[in-house]
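Here's what TrEMBL has on this protein:
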BINDING   A:ALA46, A:GLY47, A:ALA48, A:GLY49, A:THR50, A:GLY51, A:LYS52, A:THR53  ATP binding site
DOMAIN    A:25-308  domain 'UvrD-like helicase ATP-binding'
DOMAIN    A:309-578  domain 'UvrD-like helicase C-terminal'
REGION    A:1-22  region 'Disordered'
Amino acid sequence: MSTSEHPPSPLFSSPAPEGAPGYLERLNPEQRAAIETTDGPLLVLAGAGTGKTRVLTTRFAHILLSGRAKPWQILTVTFTNKAAREMRERISFLLGEPVEGLWLGTFHALCARMLRRHAEYVGLTHGFTILDTDDQLRLLKQVMEPWRIDTKRWPAPGLMGVIQRWKDRGLTPARVTDTEDSDFADGHARAIYTAYQTRLRELNACDFGDLMLHVAEILRTRPDVLDQYHRLFRYILVDEYQDTNTIQYLWLRLLAKRTGYPSNICCVGDDDQSIYSWRGAEVENILRFEKDFPGAQIVRLERNYRSTQHILGAAAGLIAHNDGRLGKTLRSGKDDASGEKVLVTGVWDSEAEARAVCDSAASFHAKGQSLAEMAILVRAGFQTRAFEERLVQTGLPYRIVGGVRFYERAEIRDAMAYMRIVNQPADDLAFERIINVPKRGVGPAALQKLHAAARARQVPLAAGTQALLDEGGLKGKMAAQLGTLMNALSTTRDILTREGHVVAVEHLLEETGYLDMWRNDRSIEAPGRLENLKELVRALSDFGTLGEFLDHVALVMEHDENAGDAKLSLMTLHGAKGLEFDTVFLPGWEEGVFPSQRTLDEGGLKGLEEERRLAYVGITRARKHALIFHADRRRIYANWQPSMPSRFLDELPDEHIIRKENGAAPQQRLNMTDSVFANGPLTTRRRQDPMLADANTASFQLGDHVRHPRFGVGIIISADRHHLEIAFESGDTKRLLSSFIEKI
DNA sequence: AGTAGCGGACTTTTT
DNA sequence: GTCCGCTACT
């Protein structure tokens, strides 16, 4: 989802010309066609930066305002929560008021909503739990045990992947064929899959794949339910159609194909930006659209309002090397056809690359460009470290997008597990997670005993534990502590009904001793973890019930943390899809890194083409400057390896690029210094900018207590003209530029 | 029950 | 080079 192909315009502010409502103004003819072709199937091929989001949201508004449907009769599907949120905001903006009761969300969120209504058709109840990946894997490991699978050859995560791919393709255990089955885990995969699904039902739980799979299964087998949705959804809008997998496609087709009525489904996508085949996406879905929906119309959006001519030219030249495209040619929609060429820089090694990129970023920054408008886009996570180190040294504020997220932190997961067991006493996985956190003396042996007790009574683990306690089947310290735990759980449930979920959760975390566990923890992370828990409890109050909150966390899994300050973004190419920046740095364009060797090995030509699309996505993120880097040698794990420039570099048309091979790094460094410290016009800006006030260590003295935004509090143990050496509380000693060091 | 030590892996990732 | 998970001690 693009953030800002266009500056948002108040669509109702300008007077409408005769016959056309105001919101259709200032759209190009293709965009208008994509919006006004409301009835029948429509495929909108929207190249990068062609106003896709605007088309989708305006189309939604158009359907409403032309009286074709009510807000709740339009189904709008996105892939990410971010896209969904953005769409909701924009639609509200277009309509001039917040809209309620929309069927707008991610595939999974929409399916969760449907499944809550019809859970009993697939053996669940309304209050089912949605498991996270952690729990899925733990459950699968448990289920696998009886088969005594050689976990060297078939590790649980691998099998999980197999099951997920089956789910992506709409295969319930019964639909997995023998041939398919024989390929994995010595032919036991289907049986394990069956057992896994059974166990999920016993836990009244489902995983992410199940949300789609169960709903599709219900729609396939319950004509009455399907009919209900056919009546409800008059129009369907789908974003990022090239990323849909088979089950999502089936789900859409089931909902769109209404007997006696046209399929008013509009899918927006770009086959050139399909980069998720490895997690089940089928580009074929978009390539096949006309066959799937006979009479489908196709609109191509090819006018790009984002990037300069050279950036577009470079990207177009690159992607032209792919076969089997639906074919689009991006043209610049901008008047200024000039702009800078894409800069391709070759450097000596990966460290020089990090230096070159960061120095260039500093230089753009010195010229007045905001760090928020710059991004370093890497192929794989391991590449970020070199940049991170250099950025810290340079003192450029940055943020890593897609690192460890709030809801994935251990303390958050523990707290969530506590809430889950309160919400759903049958959630064995949650109970297992927290039974010995804090330590209650429950080891594997004791856990076995509890499992046995539960099984014997045919009750969930928590109930089994309670029963065993009541009968005096447990002894000593462990019995006492488990008693306290069970007691805390039951009092929490009381409070939940009487005083609401916020008070209940506070009580829960306190009485179970979970908060005390961190309060007594002397490690440096403990205070931070307590802060996170505080924040979690705060977030609780944004939701009406505990169940709603748990759903939100399971499905939405995001939490904005200090996104406030302008920071340079460091992320993977995958993570950058849908975003745009003035300046984009693309390091690591070397054979084996990008295109990734592993993709080539596993995916052959198809893999190569997906890598090329990834490169295309990378370049088209840039509005003004795209800078590509490659190093002659790179340190991979322990040793240095020579590396060849990426074949993609040869595919960039010469007229759109400038090559600056080797030795660029030291040169640029000098330039940076010059521009920062010598350029006249920058003086005023320099003063207010902490980074540019750099290289002045005079205001610090040995022994000063200081704070660094990243490393925390420390003491200066040595200093020269440019650097401070600081011993931090964490025990680390770092040599840093003084820019972001604050005296305390 | 807890941890030291060893061997193996090591793209991408949303929901 | 580093992290993670499993085994084998204490």
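Just so you know, glycine gets a Cβ as well, placed from its N, Cα and C.
In TrEMBL, annotation is done automatically, which means it is predicted and not curated.
Mean pLDDT, taken over the domain 'UvrD-like helicase C-terminal' (A:309-578), works out to 87 on the 0 to 100 scale. Sequence-distant contacts (6 or more apart, same chain, Cβ under 8 Å) of A:GLY47 (ATP binding site) comprise A:ASP270, A:ASP272, A:ARG300, A:LEU301, A:GLU302, A:ASN304, A:LYS328, A:LEU330. Ranked by Cβ neighbours within 10 A across all protein chains shown, the binding-site residues A:THR50, A:THR53 are led by A:THR50. Cβ neighbours within 10 Å of A:GLY51 (ATP binding site), excluding its own Cβ and spanning all shown chains: 24. Around the Cβ of A:ALA48 (ATP binding site), a 10 Å sphere holds 27 further Cβ atoms from the protein chains shown.
The local packing around A:ALA46 (ATP binding site), expressed as other Cβ atoms within 10 Å of its Cβ over all shown chains, amounts to 30. Counting every protein chain shown, the Cβ of A:LYS52 (ATP binding site) has 25 other Cβ atoms within 10 Å.
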